[in-house]
Amino acid sequence: MSNLRKTHPIMKIINHTFIDLPAPSNISAWWNFGSLLGICLIMQILTGLFLAMHYTADTTTAFSSVAHICRDVNYGWLIRNLHANGASMFFMCLFLHIGRGIYYGSYLYKETWNIGVILLLTVMATAFVGYVLPWGQMSFWGATVITNLLSAIPYIGATLVEWIWGGFSVDKATLTRFFAFHFILPFIITALVLVHLLFLHETGSNNPSGINPDSDKIPFHPYYTIKDALGLMFMLFILLLLTLFTPDMLSDPDNFSPANPLNTPPHIKPEWYFLFAYAILRSIPNKLGGVLALLASILILLAMPLLHTSNQRSMMFRPISQTLFWILTANLLILTWIGGQPVEEPYIIIGQVASISYFLLIIVLMPMAGLFENFMLKPKW
């Protein structure tokens with residue numbers, strides 16, 4: 001009798017994806033984040049589903065329904081805090097996953113990379129609409145400020161904003177539709193993840209050396225299942241540490257006050273994972289320019305394959321590119337810090353310098369470093 005794992009139509013797909021998948025023998029812990037992101041997504045969908053059972057998407061009861069979840073629902077506090085901090089873990093893994101892709105040249109698998117960028121945008125949209133749901137001060141004003149950015153679009157901007165709001169301000173209609181979006185988007189993300197994996201398995205995984213690994217492959221199970229399980233233990237440890245000891249460390253104190261359209265918080269800022277983009281948005285005094293820079297800061301990832309000038313795929317043996325990569329990482333950390341600071345000197349100028357540096361590094365310096373490294377590696381005799 002033939003093995004069911006290799007013959008059954010559904011088991012066969014699972015087998016080719018997680019068990020008998022040929023994987024490079026030298027992929028490091030940086031390749032763990034794909035599976036961690038998958039687990040984060042499952043966890044967010046499950047905790048979100050249980051939250052949705054008790055949440056009411058109405059401006060008069062939304063805030064108190066979240067309080068009710070934390071006070072009266074069995075383990076509601078745990079589900080809510082796992083969901084909120086799970087989003088932070090999701091973005092942490094996402095940023096590390098993208099960083100790995102840039103460092104090791106994974107973006108040269110263009111279809112996989114492009115679907116990945118679409119996934120990033122979808123996850124960001126999901127997180128944004130989700131942040132509005134508790135209907136606290138920062139939820140309300142964050143929604144007002146970010147949706148208002150669309151009014152910078154010439155001619156149709158104002159109409160577009162009112163269309164998204166469902167009225168003349170962020171109100172009941174906005175909250176209801178944002179809840180609908182927040183519920184449907186994770187399932188769209190799941191579908192996109194399957195497409196992402198489909199394209200990845202067309203080519204196989206990249207590896208730290210950037211050299212074609214076809215001559216040296218090992219089965220995914222048991223080697224990488226056990227390795228991914230170790231990564232999962234680490235991630236769950238950090239998540240539980242956050243959730244059980246400092247559940248509100250990454251949230252804004254203003255969001256513990258119910259939304260009040262008559263009282264603006266002193267500093268409107270998004271969650272930490274959007275601060276880098278928010279800093280770029282704020283660093284340009286012009287509204288439309290800021291919105292375009294905000295979009296460009298994410299969409300520039302789509303240009304990564306076009307900006308690759310090196311003869312080598314990975315940065316593993318390219319010290320100049322490595323240096324620029326870590327400068328870019330530090331630059332993003334500076335932008336994240338600036339995004340959380342008030343709009344005053346010296347933060348304004350630091351934000352502007354960091355924003356210019358961000359685009360300069362990706363568009364000019366890193367491609368130039370690739371060309372210079374090619375030149376240095378040419379035989380001189």
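Backbone N, Cα and C define each Cβ position, glycine as well.
Sequence annotations record features per position, and here Swiss-Prot assigns heme b b562 binding site to His83, His182 based on similarity to another entry. Secondary structure from DSSP puts His182 (heme b b562 binding site) in a helix. Sequence-distant contacts of His182 (heme b b562 binding site), defined by Cβ-Cβ distance under 8 angstroms and a gap of at least six in the same chain, are Gly48, Thr126, Val129, Gly130, Leu133.
In sequence order, Thr112, Ile115, Gly116, Leu119 are the residues near His196 (heme b b566 binding site), counting only same-chain partners six or more apart with C-beta under 8 A. As annotated by Swiss-Prot, heme b b566 binding site applies to His97, His196.
Annotation note: His201 (ubiquinone binding site) sits in a helical segment as assigned by DSSP. Around the Cβ of His201 (ubiquinone binding site), the same chain contributes His16, Thr17, Leu21, each under 8 angstroms and 6 or more positions distant in sequence. The annotation ubiquinone binding site is assigned in Swiss-Prot to His201 on the grounds of similarity to another entry.
Among the features that Swiss-Prot reports, transmembrane segment is placed at 33-53 (among others). Remote same-chain residues near the transmembrane segment (33-53) are listed as 69, 79-80, 82-83, 86-87, 89-90, 93-94, 96-97, 100, 182-183, 186-187, 189-190, 193, 228, 231-232, 235 (criterion: CB distance under 8 Å, separation of at least six residues from the stretch ends).
Per Swiss-Prot, the feature transmembrane segment maps to 77-98 (among others); the stated evidence is similarity to another entry.
Using a Cβ-Cβ cut-off under 8 Å and counting only residues 6 or more beyond its ends in the same chain, the transmembrane segment (113-133) has close neighbours at 55, 57, 62, 66, 87, 90-91, 94, 98, 101, 106-107, 139-140, 142-143, 146, 170, 174-175, 178-179, 181-182, 185-186, 188-189, 192-193, 195-196, 199, 270-271, 273-274, 298-299, 301-302, 304-305. Taken from Swiss-Prot, the feature transmembrane segment applies to 113-133 (among others).
Taken from Swiss-Prot, the feature transmembrane segment applies to 178-198 (among others), supported by similarity to another entry. Long-range contacts of the transmembrane segment (178-198) within the same chain, counting only residues at least 6 positions beyond its ends with a Cβ under 8 Å from a Cβ of the stretch, are 17, 38, 41, 44-45, 48, 52, 55, 57, 112, 115-116, 118-119, 122-123, 125-126, 129-130, 132-133, 143.
Swiss-Prot lists 226-246 (among others) with the feature transmembrane segment, giving similarity to another entry as the kind of evidence.
Sequence annotations record features per position, and here Swiss-Prot assigns transmembrane segment to 288-308 (among others) based on similarity to another entry.
If you look at the transmembrane segment (320-340), the same-chain residues 6 or more away from its ends with a CB under 8 A from one of its CBs are 99, 102-103, 269-270, 272, 274-280, 282, 310, 347, 350-351, 354-355, 357-358, 361-362, 365-366, 369-370, 372-373. The feature transmembrane segment is assigned by Swiss-Prot to 320-340 (among others), with similarity to another entry given as support.
Residues or ranges marked as transmembrane segment in Swiss-Prot: 347-367 (among others). A Cβ distance under 8 Å defines the sequence-distant neighbours of the transmembrane segment (347-367), meaning residues of its chain 6+ beyond its ends; these are 279-280, 282-284, 293, 296-297, 300, 303-304, 307-309, 321, 324-325, 327-328, 331-332, 334-335, 338-339, 341.
Cβ neighbour count for His83 (heme b b562 binding site) (all protein chains, 10 Å cutoff from its Cβ): 21. Cβ environment of His97 (heme b b566 binding site): Phe33, Gly34, Leu37 lie under 8 Å away, each six or more residues apart in the same chain.
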